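Under the heading domain 'FAD/NAD(P)-binding', TrEMBL lists 5-291. Residues annotated as FAD binding site in TrEMBL: Asp33, Gln41, Tyr46, Val86, Phe121, Asp286, Thr327.
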Amino acid sequence: MIQTDICIIGAGPVGLFAVFEAGLLKMRCHLIDALPQIGGQLSEIYPKKPIYDIPGFPEVNAQTLVDNLRQQIAPFKPTFTLGERVDGLTRSEDGSFIVTTVDGTQVKSKVVVIAAGLGSFEPRKPELQNLERFEGRGVTYMVKDPETFRQRRLVIAGGGDSALDWTIYLSAIAERVTLIHRNESFRGAPDSAEKVMKLAEEGKIDLLLSANLQAVNGNGVVKSVSVVDKQKVVKEIETDFLIPLFGLSPKLGPIADWGLNLDKSAIEVNTVDYSTNVEGIFAIGDINTYPGKLKLILCGFHEAALMAQRAFEFVYPSQKLSFKYTTVNGVNAF
Ligand code: FAD
């Protein structure tokens, strides 16, 4: 079991900055995110978009902001569990929380901070019979570690940026990549689409356009997929993996069942310290709601600062906190 002071659910910009604010007060953090990378919406939805409303940055690219946050929190040595969705929350006898992920990782902490943004990004799945039976047995909806696919046969399905980018990347390490897309043209970046077409022309990948997945076949593990083209001809492709990349949609998921006061799918908080109605649980960033709430990164940063001041009382109940500027505290806290 991982032990820490604060368990932060969500490694978006707000969860990341909370590590900095907690670190200044000598509180250690462990972050959990359902996505395989940090950065939340910035890295997942708009990595290349410029942002103009971060104080001190007239313009900053979304992924650069995430990279800078990573650098800013590094002195506080946060630890991460990525690619695992938080599923459960219980309280142990000593009053600590135990946060559990779908993959069974457990984190024990005195404080839980929910920085879950729009919720957990869940994969959009193709409608195929028995698909669930093959999940984790050849069917996967995200690429956590590309090495898993070295020298293996892959079928990737989709026409957006993820499908194109992973086809290009994995074609260099997999035994064979087949990309299936239901249309004639791609939704993803034209440059990536061009690269994929070139790989197909050079015979480095198999490309099936205007084709749809029809079935996953196998006995316990994936052995092949059946694909139907627009002439209704069915083709069976032998493969070790099927990776449908049809995009992600956010869902609040199990957090909705934790006894927190909710307004639609946002968590109600007290704006004095961004605490929820459950002692020791805070909610910051896009996930919370209060009168006047703005879903902006800079608002989430402010919420993280106030949350940390109050969280200190749970982590160090016998100590008195005196406010200091960063120039006094320094950032090399651990
Ligand atoms: P998020 O960035 O949503 O991160 C939350 C993280 O929590 C996600 O990574 C998610 O996977 C994870 N998570 C959720 N549930 C679970 C769970 N159960 N288990 C594990 N992990 C979980 N804001 C600005 O200030 N300026 C802008 O210019 C701007 N432009 C935008 C443009 C677009 C297209 C969009 C969509 C948003 C924009 N925003 C902008 C809004 C900004 O992106 C959000 O305010 C910000 O991302 C909120 O950060 P967050 O850390 O609260 O949540």
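Quick reminder: no glycine exception, Cβ is built from N, Cα and C everywhere.
In this view, the densest Cβ surroundings among the binding-site residues Tyr46, Phe121 belong to Phe121, judged by other Cβ atoms lying within 10 Å.
Per-residue pLDDT, averaged over the domain 'FAD/NAD(P)-binding' (5-291), rounds to 94.
Here the binding-site residues are Asp33, Asp286; the one with the fewest Cβ atoms within 10 Å of its Cβ is Asp286. Other Cβ atoms within 10 Å of the Cβ of Gln41 (FAD binding site), summed over all protein chains shown, number 19.
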